[in-house]
Amino acid sequence: MGKYFGTDGVRGVANQELTPELAFKLGRYGGYVLAHNKGEKHPRVLVGRDTRVSGEMLESALIAGLISIGAEVMRLGIISTPGVAYLTRDMGAELGVMISASHNPVADNGIKFFGSDGFKLSDEQENEIEALLDQENPELPRPVGNDIVHYSDYFEGAQKYLSYLKSTVDVNFEGLKIALDGANGSTSSLAPFLFGDLEADTETIGCSPDGYNINEKCGSTHPEKLAEKVVETESDFGLAFDGDGDRIIAVDENGQIVDGDQIMFIIGQEMHKNQELNNDMIVSTVMSNLGFYKALEQEGIKSNKTKVGDRYVVEEMRRGNYNLGGEQSGHIVMMDYNTTGDGLLTGIQLASVIKMTGKSLSELAGQMKKYPQSLINVRVTDKYRVEENVDVKEVMTKVEVEMNGEGRILVRPSGTEPLVRVMVEAATDEDAERFAQQIADVVQDKMGLDK
């Protein structure tokens, strides 16, 4: 069986790997597995997308596939991934679909599904869809005549979602000046509207999408421009979202980056103080900084580590009934309010803590001392072979001996791209960079595409 689904749906270069033909099949087979075979003759399906130019092409093909199986499709237009998850659950739809490749370059696109409960698919559901994709021509229902359903536009869904987000905070942001970076993606209009509606004074960059500039030197993967904007406009802080709005990175008033670990710590500390943190637990991944765990320990907060990927964080949160979790990269899940990482939700919760405590973001983030961390991505021929490569294991052992317990190493395949990620934490910046480069050089030499 071919593996179509990665850790975050089906992704690839639009019109080359993720073709309209594949999008049609994903709509048809996904609609059948997740909605139609539950006995619903005309299951309701919500479809949203980000701002990529390929989104319209894939949306048309996907919707055709869904309608061909009998689905009643409501098109949400440009909206964030967590917006689709929330509306799917809130409106009682059988299925939600988001067309986006998140933080990836504009040439890529992706399709991810949400069940009626607003959660991403289980491995079993993905396997069922993949089994149909691997068949030559599976015999599935084909409605005809009056059984073919019109699709409709529900662009008001975005406002319904923003109204819900606004209801999750008890304060307005009058007196706060906030710089926003929409990554020229899904939150480009949503973020300024939401924070403006909460009476913040806003400055914006990356909020002028043209179909081609999504994530281009902007957004949560490139917060440097936002840092400049914060300092230049004397903003209290800045918030950078990614292309589909499911992750967030902040910038303090001095232009210093505040990552997902620090944001989780700030929000978790406030929840713990207010006795709102379930089981005094925050769920994180193996990528979280050593300083994050030490800071939690000092606050009397426990932590659980998962594999990298917000789906694994969510699985652990559901298993243990935990209500806060996330990743250093800025996927932060607040289960009391939504079922997936939500940049806008996290942003207003962070702003709420800043407003209520009267403390600056640098002061709040400074309570967590980060260990220097170096991350190098290596493009490789087969990312899954890194775990068995003898030469890579050998250099990792050598570095661990040299570190003498003062740091850690993590080498793993990316869940969404043909990359091996090499992460090293050490006592100093120089050590972290040197050790990471030593390991990355071996990965490149033995497995790299350009070796």
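Our numbering is plain: 1 for the first residue shown, then up by one each step along the chain.
Including glycine, each Cβ sits where the backbone N, Cα and C put it.
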* Structure fact -> Mg(2+) binding in Swiss-Prot involves ASP242, ASP244, ASP246; of SER102, SER116, SER374, the partner in that site is SER102
* **Same-chain residues at least 6 apart in sequence whose Cβ lies under 8 Å from ASP246 (Mg(2+) binding site)** => SER80, THR81, PRO82, SER102, ASP310, HIS331, THR340, GLY341, ASP342, GLY343
* Given the recorded Mg(2+) site (SER102, ASP242, ASP244, ASP246), which additional residues of the same chain have their Cβ within 8 Å of the Cβ centre, ordered by sequence? -> ASP50, SER80, THR81, SER100, HIS103, GLY185, SER186, PHE241, GLY243, GLY245, ARG247, GLY341, GLY343
* Are there residues of the same chain, six or more positions away from ASP244 (Mg(2+) binding site), whose CB falls under 8 angstroms from its CB, and which are they? -> ASP50, SER80, THR81, MET98, SER100, ALA101, SER102, GLY185, SER186
